[in-house]
Amino acid sequence: MTAIVDIVGREILDSRGNPTVEVDVLLEDGALGRAAVPSGASTGAHEAVELRDGDTGRYLGKGVEKAVEAVNGEIFDAIGGLDAEEQAQIDAVMIELDGTPNKARLGANAILGVSLAVAKAAAISNNLPLYRYVGGVNARTLPVPMMNIINGGAHADNPIDFQEFMILPAGAPTFAEGLRWGAEIFHTLKKGLKDAGHNTNVGDEGGFAPNLASAEAALDFVLKAIEKAGFKPGEDVFLGLDCAATEFFKDGAYHYEGEGKVRDIDAQVKYLAQLVGNYPIVTIEDGMSEDDWAGWKQLTDAIGAKCQLVGDDLFVTNVERLGRGIKEATGNAILVKVNQIGSLTETLETVELAHKSGYRAVMSHRSGETEDSTIADLAVATNCGQIKTGSLARSDRTAKYNQLLRIEQELGAQAKYAGKAALKAFA
C-alpha cells in the first residue's frame, strides 16, 4: 500500500525569484506527498551541494533542470517500488547512488526534495499529520519563534554588518500569544523606524533593512519597540543575533565595513561579551567564522554559560562537525537546516546527537524559501523548542508560523509551548 509508484520533480520559483526543486511522490494507495526545497544566500563552505545548471542563458545560470532530471530519472529508478515508510533505507539508497561526500553529483536539492516528499506521502497514507508521523506520540512542544525583525549583512543592502536582529517571545504562555506579541512589536518597530526617517522596506526574510550605523543602533530600536508595544525586555521578550561572521572574516580578523572597524579574534569575543552584558541577548548565531575553531572556543569559554551560542556555518547540520564541536566544547547549540545536509534521516540524526550531548537545536528556514511549511512540523516532531523562520511579513515566512498555529490548535490541551525552558539558564 505504501510502495512508491511515481516521482515527479519540477522547477519552481523561490521567494527570491530563483528556481528551486519541488517533488511529488505518489504511493500505491493514492497518497501524494509534495515538498519544495529552500536555498540559502549566506552558505557555509561545508554544506551539501545545491546543484545548479550553470547555463547563463537560462535563469542567469541558476536553473535546476539537472537536479529535476536526477529526480525523475536516476532517483526514481533507484527507489521506485520501495516502501515509503522505510525512510532511512530510502535516504541511504539515494546517498549511495550519489556517491560523493557532499551530494554534489545528484544535488542535495534533488535528494532532499525526494526525502521530504516521501515522508509526507507516508504520513498522509497513515492518516497522520507530519509532526506526529516523524516525531511519534511525544511530539507536542511548540517552539519559541526567533523572529528576525531587522536584517543586515548578506540579507539586506544596508551598512549593518550583522545579518539578523531577532526577538524571542519566550515569556508568552502559548505559541499563538508569542506570535501575537511578535507581530505587535514588528508593527511598532515599523512606526518607530518611519518616525525616525528610516526606510521600512523589508529584506529577504521579511525584516526591516534600515540604514543604521551599528549593531547597537539596531538593538536600541528593537528594545524601544518592545517597550512601546507594552512588553518587558528580558522578561517577556528576549533578543537574539545572527552575526554570520564568516561573511566578514578576512585574513584572520573581523572586518566591520559598515562601522569602518577591524576586530581581531580577542576583540570580537570581547565585543560580543559586551553586547550580551548590555542587552537582554540570550542567543548568538555564528558569532565567529566557520573555521575559526579557536575563536569559537574562546567565545564559548567567555559567554557560553550565559548565552546560547548557535553553530550554523560552523556545524552545517552535519553529525561529524557537530561531533567535533561537542568534543571540543565549542558552541552549545546547533542550527538545523534540512538543505545543509540534504536528507530527513541525516537531519534527525543530527538533532538526536545534539540533544543527547546537551546541545540545543534550532529548526531553521533559509533566506530563499517557498510556501512549503515542512520545517514547522519538524520543529514539533523533534521537540527542539526553537524555530527560526523569519519576520512577521512575507507569506513564505508566515506560512510556517500559520502551520504552527494549526498544530497548536490541533494538539489542544496536549500542546506545550517551550517558552523560557527552551533557553534554560539564559532567559
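Every residue gets a Cβ built from N, Cα and C, even glycine.
Of the residues LYS194, LYS337, LYS420, Swiss-Prot places LYS337 in the same (2R)-2-phosphoglycerate site as GLN163, ARG366, SER367, LYS388. Between the candidates ASP220, ASP264, ASP312, ASP313, Swiss-Prot assigns the Mg(2+) site shared with ASP242, GLU285 to ASP312. Distance from the CA of GLN163 ((2R)-2-phosphoglycerate binding site) to the CA of ASP312 (Mg(2+) binding site) is 13 Å. Here the CA atom of ARG366 ((2R)-2-phosphoglycerate binding site) lies 7 Å from the CA atom of LYS337 (active site, proton acceptor). If you take the Cα of GLU205 (active site, proton donor) and the Cα of GLN163 ((2R)-2-phosphoglycerate binding site), they are about 11 angstrom apart, rounded to a whole number. Here the Cβ of ARG366 ((2R)-2-phosphoglycerate binding site) has 27 other Cβ atoms within 10 Å, regardless of which shown protein chain they belong to.
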